[in-house]
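See below for the structure under consideration.
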Amino acid sequence: MAAHTGGLTATVPETGTAAVRISGLVRAFGERRVLDGLDLSLRAGEFVAMLGRSGSGKSTLLRALAGLDHDAGGEGELSAPDHVSVVFQDARLLPWKRVLANVTLGLSGADAQERARTALAEVGLAGREDAWPVELSGGEQQRVSLARSLVREPQLLLADEPFGALDALTRARMHTLLARLYERHRPAVLLVTHDVDEAIALADRVVVLDGGHIAADLPVDLAAPRRPGTPEYAVLRERLLVRLGVEVPSG
Amino acid sequence: MNTHTTESTNATDTTGRRPALVRAAKDAPVSRTARRGLARRRLGPGLPIPYGRAIGPVLLLAIWSAGSATGLIDPRNLSAPWTVVTTAGDLIADGRLQSNVWTSAVRALSGLAYGVAAGLVLALIAGLSRLGEGLIDGPVQIKRSIPSLALIPLLILWFGIGESMKVITIALGALVPIYIHTHNALRTIDSRYVELAETLGLSRPRFLLHIVLPGALPGFLLGMRFAVTASWLALAVVEQVNATSGIGYMMGLARTYGQTDIIIVGLVVYGLLGLLSDGLVRLVERKALSWRRTLAD
Ligand SMILES: Nc1ncnc2c1ncn2[C@@H]1O[C@H](COP(=O)(O)OP(=O)(O)O)[C@@H](O)[C@H]1O
Ligand SMILES: [Mg+2]
């Protein structure tokens, strides 16, 4: 485990299975406290989805976990694994590198190429190794980005609205793919999304970020497959929507 | 985590095994083209004209020819096109044109080479370190606001009127656009890629090699196109200054004897050299930046 620096106190995690442990985290831009005493833990291999209104600080939290928040002031305790991978909303592929080179970027070792090919095959892109990123569709680019994240065998996968820019059909496919990759690799996942159904479909636990801290923390104990339409699903969905401040028509 | 995994094999859409869909996608546009012809961009400038770019030059040439043939254009002001062609033939036959073009090309290319090398090194130092930027950026910006050609008197005092003065003047002209565009490209690397590099744990050398330098290449090549133009421009000027060979010298001599045909041959050669070198840079650009070809086309 490594604790990120920058006004933060390093915590040595107890021997346990916590992948992420955040307590009393504060992040402020100028006078504005975006995160204000936030506590959150993720067990190793746990899939947590985070909902929250736009501007509620979801990305700020993810950037803190990824060690990318050099420009934010703050305090609190935060520990994350050594191997963290990030999937951004934009696939963020280097346009001047072919697909395979994008996946091997930063990998070392003689088998880097082979591992990257395997990862690409896993996301269904075998045979596209030599394509340029501009030649891929949005969904395919995001799959390359997933392959780039997973080839590093992360203990923690951070995803910031990774499917937000995709059309509904592609998004549904990506959900299936992500679920399968998660089953195979079992990293802890913190998935930021604005889609309540996406959160319920994929996560073990859904948390709602509001007012700078975790305002709701609900387990998803629905029998598989989780189909919208069952009464349990509707209840959970409504509770989350209420937490997000959405008026739910009764009846 | 739920188990969508049972349907997971349906997720891949690259296998291409969806015959019904593929057929539908193929058929639809075909039948439409048959009916209406290719869709035309309603707000575009119109259909492309074959050899459209040649219209203007050909028209100019026609007016020039007509003017010369009817005697409206005095040959002492402007020789007839056919005279220019014959003169060019004579100059090639006695070897004067080739040797002068060669001298000029060597001058321009060595000035360009020195200028590009210096501009690139300065841009890398200024672009990759704060201290380097503090040291270099100011002086180059000052140099930028002084036309290179205005430095000629000083350069003559320092280096004499020989070849080195000419090459240095050209190099100074080429240095500025290379520096400006490369430095700008290095400084404006998308911060999203910097973030990516951080999350991937790239070392600084790898970050420079895989992200900064390739990201700055389009800027450098743009600077290269300006630098090539700048070096031909500087060449034309320095060759008016006490040259004893080169295209400019040939033209200067022709002016003394009132030979407008030779002057025009010189102008045409300058133009052709400029076009040729710009074409070369564009070719390199297309090869080196093939990753964005689908956007450019
Ligand atoms: N680098 C920054 N500088 C100043 N303010 C910022 C910066 N990053 C985020 N913020 C502010 O912090 C708040 C939370 O942003 P963000 O974490 O991106 O929200 P979310 O991802 O939940 O939509 C927003 O009001 C945003 O304007
Ligand atoms: Mg965000």
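Positions of Cβ are set from backbone N, Cα and C atoms, glycine also.
Look at TrEMBL and you will find B:1-14 tagged as compositional bias 'Polar residues'.
Here TrEMBL flags B:101-281 as domain 'ABC transmembrane type-1'.
Residues or ranges marked as region 'Disordered' in TrEMBL: B:1-37.
With a threshold of 8 Å between CB atoms, the same-chain residues lying at least 6 positions outside the transmembrane segment (B:51-73) that come near it are 79-81. The annotation transmembrane segment is assigned in TrEMBL to B:51-73 (among others).
Residues annotated as transmembrane segment in TrEMBL: B:112-132 (among others). Within the chain, the transmembrane segment (B:112-132) has long-range Cβ neighbours (under 8 A, six or more residues past its boundaries) at 140, 167-168, 170-179, 182-183, 185-187, 208, 212, 216, 220, 223-224, 227-228, 231.
What TrEMBL lists as transmembrane segment is B:144-161 (among others). Among residues of the same chain six or more beyond the transmembrane segment (B:144-161), those with a C-beta under 8 A of the stretch's C-beta atoms are 168-169, 172-173, 176, 180, 230, 234, 237-238, 241-242.
According to TrEMBL, the transmembrane segment annotation covers B:167-186 (among others).
Panel annotation: around the transmembrane segment (B:207-228), residues 112, 115-116, 119-120, 123, 127-128, 173-175, 177-182, 184-186, 189-190, 193-194, 196-197, 274, 277-278, 281-282, 284-285, 288-289 of the same chain, lying at least six beyond its termini, place a Cβ under 8 Å from a Cβ of the stretch. Positions annotated as transmembrane segment by TrEMBL: B:207-228 (among others).
Feature annotation from TrEMBL assigns transmembrane segment to B:262-284 (among others). Proximity of distant same-chain residues to the transmembrane segment (B:262-284), defined by a Cβ-Cβ separation under 8 Å and at least 6 residues beyond the stretch ends, is recorded for 78-79, 84, 87-88, 91, 97, 101, 104-105, 108, 221, 224-225, 228-229, 232, 236, 247-248, 250-251, 253-255.
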